[in-house]
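J.: In case it helps, TrEMBL gives these features for our protein:
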DOMAIN    1-127  domain 'Thioredoxin'
């Protein structure tokens with residue numbers, strides 16, 4: 001089942017209740033076509049993966065949460081374990097500065113878009 005989250009207090013309570021379980025938070029909007037298409041798939045995953053907790057935040061109804069979590073597009077998925085955001089990807093960036101050059105790993109804590117296969121693969125990897 002997907003829990004609807006309306007504010008920061010509800011999200012904090014939800015994350016604490018999850019304990020060591022993976023938490024998948026979908027930031028979406030009612031007017032968003034891709035959000036409408038992926039929501040039933042996310043709901044199906046919530047039934048399939050009983051050891052993963054799922055939540056949904058409507059970015060229009062919960063603008064404060066969307067701002068705090070830097071949501072710039074919908075749908076956006078962020079995942080948490082033990083109340084902390086999980087790094088979903090690592091992207092290497094070439095950095096050149098006055099001290100020379102080197103590789104810097106940039107951590108990616110979210111992904112955007114309605115790609116159910118990508119979401120499910122990441123859930124399976126992290127649970």
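Cβ from N, Cα, C; glycine included.
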J.: Please count the residues of the domain 'Thioredoxin' (1-127) that DSSP assigns to helix (H, G, I), strand (E, B) and coil.
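T.: Summed by class, the stretch gives 44 helix, 47 strand, 36 coil.
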J.: Do you know the mean pLDDT across the domain 'Thioredoxin' (1-127)?
T.: 85
